[in-house]
Every structure is written in C-alpha cells, then in structure tokens.
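Asker: Take this structure first; my questions come after.
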Amino acid sequence: MKMKLATVALGAAVAASPALADLTFTALSYRTGPYAANGIPFADGYADYFTLLNERDGGIGGEMIELIECETGYNTEKGVECYESTKGSGALVYQPLSTGITYQLIPKATADEIPVHSMGYGRTSAKNGEVFNYIFNYPANYWDGASVAIKYLLNENGGSLEGKKIALVYHNSAYGKEPIRTLEELSAKHGYELITLPVDHPGQEQKSQWLQIRRDKPDYTLMWGWGVMNQVAIQEAVNIRYPMENFIGIWWSGSENDVLPAGEGANGYKALTFHNVGSDYPVFDDIQQYVVDAGKAAGAGDQIGTALYNRGLYAAMLAAEAAKTAQEMHGTSTLTPQQMRDGMENLEITEAKMTDLGLPGFGPEFSVSCQNHGGDGYAAVAQWDAAAGEWSLITDYMQADLDVLSPLIEEDSAAFAAEAGIEPGCAM
Amino acid sequence: MPDQLLYAMEVTLNGLMAGVLYALVALGFVLIFKASGIFNYAQGVMALFAALTLVGIQDGQVPFAHLINAIFGTDVHHFGWHVPAILAILLTVVVMVAFAWIVERYILRHLVNQPGIILFMATIGLAYFMEGFGDMMWGSDIKKLDVGLPQGINIAIDDTTFNWFGYGFFIDNLDISATIVAVILVVALTVFSQYSKQGRALRAVADDHQAALSVGISLRFIWVLVWSIAGFVALVAGIMWGSKSGVQFSLSLIALKALPVLMLGGFTSIPGAIVGGLIIGVGEKLFEFAIGPLVGGATENWFAYVLALLFLVFRPQGLFGEKIIERV
C-alpha cells in the first residue's frame, strides 16, 4: 500500500513539475489594468502561434512548447517579479513588453545569461550586440522608427524637407523622449524645424499641446504615445481639423484601439509598422483550424488580425525561428537559454522562410549578428481606413538612415559599457 | 491686438472649459465628503464604471459575456439591440442607484462610527474591486462613447472671433456642452439641497450626524441618496471624459485631476469645486502657455498641485471650505 502511495505521489509530482524536456517560452503580458486593451491582443497572438506549432507541427523540432504567461499589469515592479519567479523554469527567452521592464531586466538577464527580446521597444542601443550580449531588439527600434518617418516625409516632398515644420507630440517619459535626439540630428541634415510637445502621463488632457499645433501649423506631426494618450491626441487632432494624412504615429500609436474612438474623423491617420496588417495570410487559416476551432485560442478569438495581435504573432514566430536556428546550430532539439541566444544571434528572416511559414510579405527580410542585435531597421507606413475599419500598408519597407543612427548607437552603447564595466565583445 | 495676447485669450477660454471638466469630477468627491466625511477614493472608478455600463447598455453588450462563455462554452457577446442614448443613461442611473444601495448595505453600514481613515481605506478596496468587476462585466477593450454630444471646433465662435480679431478662437463643442451640463448640475444640486426635504436632511447630516439622527433622519437613507447622486455625477463626468478618449480603464485616473481642485476649492463646497476647477484650469493652461516652453513643457500636472498648495498655505480649508474649529 505504501509503495502504491509513493508511486502515485511520485507520478503526481512528475506531472505537476514543469516538463523540462519542453521548450519553455515566457510571456510577460498584461491582460489587466489601464493598458489591458493593448496587452490582450499581443498576448493572444503570442500564445496562439505557439499553440498552432504544438497542435499542427508537434512543437519545434519535435519538442513541445510550454508557454508560461505572467501578468505584469504593465507595472515594472511586477514585471521584475515575473522574471524572478519564472527564470528557474528553463525559460529560453523573455519578451518583457514594456520599456520600463526591459531596462530593469537588462542587467539581470545578462547576469543570468537568459536572452531578452524587446521587439520595437526597450533600449535602442541594445542593437549593439557586442555590449548587450543577451539583449535583442530586432527587427526595428525607436530610432529606426523616427528615421523611417522622416524618410517617408522626404519621399512625399520630393526629397527635401527644407523649411518644413515637424512637430513631435510625445509621452513625457523615457520612451517618449527616445526619438528626439534622432529627429534633431535629422533636422540638422534635412533642414526642417522640429517642435517638441511633451504630454504628461496618462495624457487625458492635451488641450495646450493641440492649441499650440493649431497656432504653429506644423506641416507634419509625429506621435510617440501610448494608451489613452493616443486616443485623446487623435481626437484632438480631429477637433482642430488637423489633416490626418499628415499625422504619423510610432507603431505603439497605431492599433485599432487608437483610432476607433475618434470614428470617421480618424480616417487617413498613419502609423509606422515593422510587420504587415490584416489576416489575409495562410497562417491565419491554420490558426482558425488548429487553434480557434479546436477551442484552444488564448482569448475570445476576436482579436485575430488586429495590429497588436499580429505583432504578438510575429514576435512568437521570430522566437520560434530563433529556436529552430539554435537547434540546427547545436544539433539538439532541447535547448538552454544560452543556446537560444546563439539562435537569436544567427537568425535570418528571408522572404522564402516567411512564405514557408504562411506569412508571405508579412515582415521585412533581416538578419542578426553578434554586432547587430537590432536587424536592418526596416519599417513601413500603414494608413487607417475608417469606413472599412482596417489598416493597410501604403509603402514598402524602408530602411532607416543608418549613417545617422549608427554613430548614435555606438555612442550610447559605449557610454553604457563604460558605466557597467563591460568589455565589448561577442559572446560566442 | 498682438498675437500673443490673442493666443493668451484663447488659452484662458480653453482653460476655463478644461476647469469645468475637472470640476465635474471634483463634484462627486465633494458630495460624499460633505454628507459623510468620507474621502471617496473610488470616485474616479465610479466614473469609469458608469461609463462602461452606459456603453454596454447602449450597445446591447451581454454583461459577463467572457465569464459566461468560459463556463458554459457558449459564444454570446451581444443581445443584438441598440438602446437609445437617453434610455441607456436612465438605465445606467438605475444601476448607479443600485450600486449606492449595495455600498451602504455591505460596506458603510458595517463601518458606522469608525475613524475616517478606515472609511477611506474601505473606498480604496471598493475602487479596486469595482475596477476588476467592471473589467469582468464589460471587458477591457476601448469603447467608443456616443450619446449625441457635438464634438470639434465651434464654427460660430471661430468665425466671430476671426471677424473681430483676425484670428479664430478654438473652442470645443464638447467643452461647451460640459459647461452647460455643469451649470445645470450645480443649480439642480443647490435647489435640491436648499429646498427639498431630502436636501435639508442631507445638510443636517453633513452638519452633525448625531443631531440629525436624534430628530429622526435616517442616516442609511441619506448615505444611499448621496452615493446615488455622486454616482450620477460620476456618470456625467464619465460621459464627458469618455467622449474625448473612448471608455477605457484610464478613465479612472481622471480622479487625479480633481485632487488639486478639491485642495483649492475645499472638500465641502459645491461652488468651491466649480471655482477651484476654473482656477486650476486657467492657471495650468496659462502657465503652460507662458512658462512651459521655457522649461521643456508638460507643466500642467505638477503646476496644478503647486497652485493648490499655494492656496492651502493661506487658506488650509480651501477657498470655500468650512473652517474646522475644535474646542478643547
């Protein structure tokens, strides 16, 4: 009898403990709190892609995927708690989904030798992989975004922005201030006047900023906003009759959530993006069949194809491809975080690969290396069609002005290395 | 007229309008504090909950749909009808009255004679409960609120000021609506408290709980009444702010805008909330206009509190608050 009990207890313990042979991914998500409307679609997309790989392909390289989701509420302290409580689970990579959490995790994850992927957010100079060995921010960062916005405006104006006025409405935080240095450098290069207009958190009251825009009449307005700031800014722009086609947001100001409250008035608003929009891709048919219809969708299944769902799905796809690369490199199906890092550092996304994955033309082609953890800095411009209720890409992917950005990244990462006592070099 | 003066006039007018919106939030705090001495931390969340309920009713959304679907494996989200705005507002008022009754029955009744700090902490708990409950009931997606209020630039003012000064002033139609609603609300609340039996009872409770009880006024009824009125005021604030940004969970943060107004106007005065709102609105906007560009901008949040603190130094009870004299 005792033997039987011991066997049952052992069996239960084995069943309850994490399956160490699985590939464990973590999602520091926020499905609650003031930013839940944005956190839910991203988390759904991230989870659904891994579920698809498990259900359709039996995981990655024969290893099933275990996704550990930890609720941060978009709170930096909770995010760090999530990291500390899950890092012992064999997590291969962290997607912090917050610039604040990313900044906190940079020293911790580097010390623990666990890679972090801050896709389109976080510390821009983490692009320098020789300083930030375990931090990746491919395929594009905030400075790439600022540069691509200016490049787009150059294209719209026959290659010259001489004498133009460009306003930047930004969240008055480290995140919102990220593009200023880049835009100043580009202003010196292209001869436009930059007007900066900070908006305090959370951004529900922006009358002063938009009265100033009405007075100064900038030719174009860029926005680095988040949460309620985006919706209010777009509504205020509509109120003062600012031409929406001249109003361009960063990718965190370009979801359906941001434009729907302003209704028809938001028609023509533009936003940058580093991945495609909509659900007209073969992979979504598979998600419907293997995930949604099977009752395994992460959420209510009503976010599929939205801008942020697609971003979550794209992040999961990049993580899965990095894991495949790591498996090939090391000749093993099970991975350690260090091997995953190697996979991320040797990741190459080609059009042929995306087509095979059911995502033709979904994102730019790019490659990662020891020196370059940020990809090639490509982004495109999407425009909102209020009548159809959908975004559509109106440009090809454009590369950021690396002549301007590379020295800035070098300078910032060198300062970090000096401060943190890091001797730059490749980890492999 | 110099351009800068014209701009300053425009900023002042917009500051007055913004002040009215702040005052709408502050009014709810004042009503409850005046009647029960409770600083209601949940007032911002009440505005959020009221607005969520209004949109949910208007759009025919099934409450707790996510929970129902998860438990029963169903796929229900909407009833398939659209309720007219006025009816939806009335139904939301009913919900807020029911909420007031529940608060009295299950929280306040058990905390009679407890120190103010205990009641304050109870409202903190209430705020977080309501936030989670609202999320579970109506979902956390951002909802468009449309009760037919006009939005955007007022053409008549734009044209008139352009003809006068050669520069058209921007005034948002929504702000004008908010001002009209606020005036009606203050007049109605004043008439109610001065001339109705319940209003006089409410004032009696505000003056002295024990004395009011001794003459047969039901403290419980008054609390339900005042929380119901505060719920209605929260609904009005939720409509005005929700029309600007959509109804979303950040709406609860509008309470932060009311605090300096309360510090300045006093916690016990309805006119104080209005005047305080106007002073804060104009003060922060003019400061941002004149000084903001010199110090990097984004001064409004902190300057509102600096302004309120300055007033506090000279009038600790606020502009219109009652001076508390305790004899020992």
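Indices start at 1 and increase along the chain as displayed.
Here the Cβ of each residue, glycine as well, is placed from N, Cα and C on the backbone.
Just so you know, TrEMBL annotations never went through curation; they're auto-generated.
Checked TrEMBL, it gives:
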type: TRANSMEM; residues: B:12-33; note: transmembrane segment
type: TRANSMEM; residues: B:38-57; note: transmembrane segment
type: TRANSMEM; residues: B:81-103; note: transmembrane segment
type: TRANSMEM; residues: B:110-130; note: transmembrane segment
type: TRANSMEM; residues: B:176-196; note: transmembrane segment
type: TRANSMEM; residues: B:217-241; note: transmembrane segment
type: TRANSMEM; residues: B:261-282; note: transmembrane segment
type: TRANSMEM; residues: B:294-314; note: transmembrane segment
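Looking at the shown structure, can you explain where the listed features end up?
Answerer: A Cβ distance under 8 Å defines the sequence-distant neighbours of the transmembrane segment (B:12-33), meaning residues of its chain 6+ beyond its ends; these are 39-40, 43-44, 46-47, 169-172, 175-176, 178-179, 181-182, 185-186, 189, 226-227, 229-230, 233-234, 236-237, 240-241, 254-255, 257-258, 261-262, 265, 267-270, 272-274, 276-286.
Here the transmembrane segment (B:81-103) has Cβ contacts under 8 Å with residues 46, 49-50, 53-54, 57-60, 126, 146-148, 223-228, 230-232, 234-235, 239 of the same chain, all six or more residues outside its ends.
Within the chain carrying the transmembrane segment (B:110-130), a Cβ under 8 angstroms from the stretch's Cβ atoms is held by residues 36-42, 44-46, 48-49, 103, 219, 252, all 6 or more beyond its ends.
For the transmembrane segment (B:176-196), same-chain residues at least 6 beyond its ends with a Cβ under 8 Å from one of its own Cβ atoms are 16-17, 20-21, 23-24, 27, 31, 149-150, 154, 202-203, 229, 233, 236, 240, 270-271, 274.
Sequence-distant contacts of the transmembrane segment (B:294-314), counting only residues of its own chain at least 6 positions beyond either end whose CB sits under 8 Å from a CB of the stretch, comprise 256-257, 259-261, 263-264, 279-280, 283-285, 287-288.
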